[in-house]
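Note sheet for the following structure.
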Amino acid sequence: MKNIGEKVVCLVAYHIFFVLFVWSYWKTIFTLPMNPSKEFHLSYSDKESLEREPRGESQQEVLRRAAKDLPIYTRTMSGAIRYCDRCHLVKPDRCHHCSVCDKCILKMDHHCPWVNNCVGFSNYKFFLLFLAYSLLYCLFIAATDLQYFIKFWTNGLPDTQAKFHIMFLFFAAAMFSVSLSSLFGYHCWLVSKNKSTLEVFRAPIFRHRTDKNGFSLGFSKNLRQVFGDEKKYWLLPVFSSLGDGCSFPTCLVNQDPEQASTPGGLNSTSKNENHLFPAKPLRDSQSHLLTDTSSWSETSAKAENGKVGMSNPALTMENET
């Protein structure tokens, strides 16, 4: 490059992409996955009862008692409370046990070997930004290297070893761009549908049926659940996701009679009496996603159809990892 302005623009753009790429990659790697809070762990007496009693109705009672005040709505395939016998806790919704980390991870998406960490509630935004900025970084390198790559094949470059470096750089950047674009596009689709990678392969099972879109609140609310309400933080690798990772609003309006309405036993309803909200109040930043009654009207008809023929499943303990 001979033009000073072109050199300045390329250097500034390159370092912006590079800094954001390294920053988001660092946050994805070193942000510890969040684990369920203490309220989801069985008490010492419940653990003893669970170990002492044979499998059957007695263990069901222990799990009912432990889970009755918790905001959980998903079940196992057999309709049982999702219980982890390794961590000795009742699993919150969207929580799964990671066999690599050997602990339960809130809103687990997958365990990524490229970052040597679990991707879940605490670092999912960082992982998305890491994919976005690494894709932009590779595209920028491929675009600025393209003209010299063409000159390589037209013998327009000096006959030195540097021209082979140009060829290798272009091929590497182009190939990573293709793979990153497909992976980033897939996770953008997951965000728009409010799904995790695990939930795509195995849809969440609620009290009355399997619903692959049970946590979807619409594109705008799904996006805000991951990136937060403050748009100025959306493109920065700083935590701004809504909620606590232990409870999530759903598009379902049917409340599980096994669960208390609130920890205090009071009904928590919206302006529309038919729309019941999760048992345990969410954080204010998460709860306000549910205050817009118009978002519930879209799913009310669908939920009404599911009310017919519903019954309480037997709550049997099932080991799930």
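A Cβ is built for glycine as well, from the same backbone N, Cα and C atoms used for every other residue.
Annotated features, as they stand in TrEMBL:
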- 7-26: transmembrane segment (TRANSMEM)
- 81-200: domain 'Palmitoyltransferase DHHC' (DOMAIN)
- 124-143: transmembrane segment (TRANSMEM)
- 164-186: transmembrane segment (TRANSMEM)
- 259-321: region 'Disordered' (REGION)
- 259-271: compositional bias 'Polar residues' (COMPBIAS)
- 287-302: compositional bias 'Polar residues' (COMPBIAS)
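Taking H, G and I as helix, E and B as strand and the rest as coil, DSSP gives the domain 'Palmitoyltransferase DHHC' (81-200) the counts 66 helix, 18 strand, 36 coil. Tertiary neighbourhood of the transmembrane segment (7-26): same-chain residues 1, 115, 126, 129-130, 132-134, 136-137, 140, 144, 235, 237, selected by CB-CB distance under 8 Å and a gap of 6+ residues from either end. Per-residue pLDDT, averaged over the domain 'Palmitoyltransferase DHHC' (81-200), rounds to 92.
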